[in-house]
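For reference, the structure is listed below as structure tokens.
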Amino acid sequence: MIETIVEQDFNRLFEIEQAAHLVPWSKGTLLNNQGAKYLNLKYTEQDNIIAFAICQTLLDEATLFNLAVDPAFQAQGYAKKLLTALINQLQARGISTLWLEVRQSNTIAQKLYDSVGFNQITIRKNYYPMPDGSRENAVIMALYL
């Protein structure tokens, strides 16, 4: 089931965030990316949150800031289902473009985004921090709705 994120979800979202990302967001960052200008969704399976999406909207554009799936549920199609639901809801709100940034090394995510119609726009050099203190490039992608 895909639903809007509520405050009671944040402990579970934080668990997923810590497990799913190389350099995860803090709980504070998760909490700060909420409110009227966001469309944030969770994917629940048998009353267990297994994935979430954090998306900010501004006028007729949106930016997908975070998409995370519990590692135990990765590679099973949940990210694509959640992303498709997000895209459909954004279209219903009159959003014309969905933007995102993804680590250049995250080819699995890039394939997911390609599969729903995203286009690579450019590379942002040295954007993402790495655990060793170095930086990694970001691939900027856009989906025209």
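Even glycines carry a Cβ here, placed using N, Cα and C.
According to Swiss-Prot, the protein has these features:
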- 1-145: domain 'N-acetyltransferase' (DOMAIN)
- Leu67, Ala68, Val69, Asn106: acetyl-CoA binding site (BINDING)
- Glu101: active site, proton acceptor (ACT_SITE)
- Tyr113: active site, proton donor (ACT_SITE)
Between Glu101 (active site, proton acceptor) and Tyr113 (active site, proton donor), the C-alpha gap once rounded to whole angstrom: 11
Largest separation between Cα atoms (Å) of residues that the record links to acetyl-CoA, namely Leu67, Ala68, Val69, Asn106: 14
Per DSSP, three-state class assigned to Asn106 (acetyl-CoA binding site): coil
Local confidence of the domain 'N-acetyltransferase' (1-145) - pLDDT mean: 96
Cβ atoms near Val69 (acetyl-CoA binding site) (within 10 Å, other residues, all chains): 21
Cβ contacts of Leu67 (acetyl-CoA binding site) (under 8 Å, same chain, 6 or more positions away): Ala51, Phe52, Ala53, Ile54, Ala79, Leu82, Leu83, Ala109
Number of Cβ atoms other than its own within 10 Å, given for Glu101 (active site, proton acceptor): 17
Residue distribution over DSSP helix, strand and coil in the domain 'N-acetyltransferase' (1-145): 47 helix, 57 strand, 41 coil
Residue pair Tyr113 (active site, proton donor), Asn106 (acetyl-CoA binding site) - Cα distance, angstrom, rounded: 11
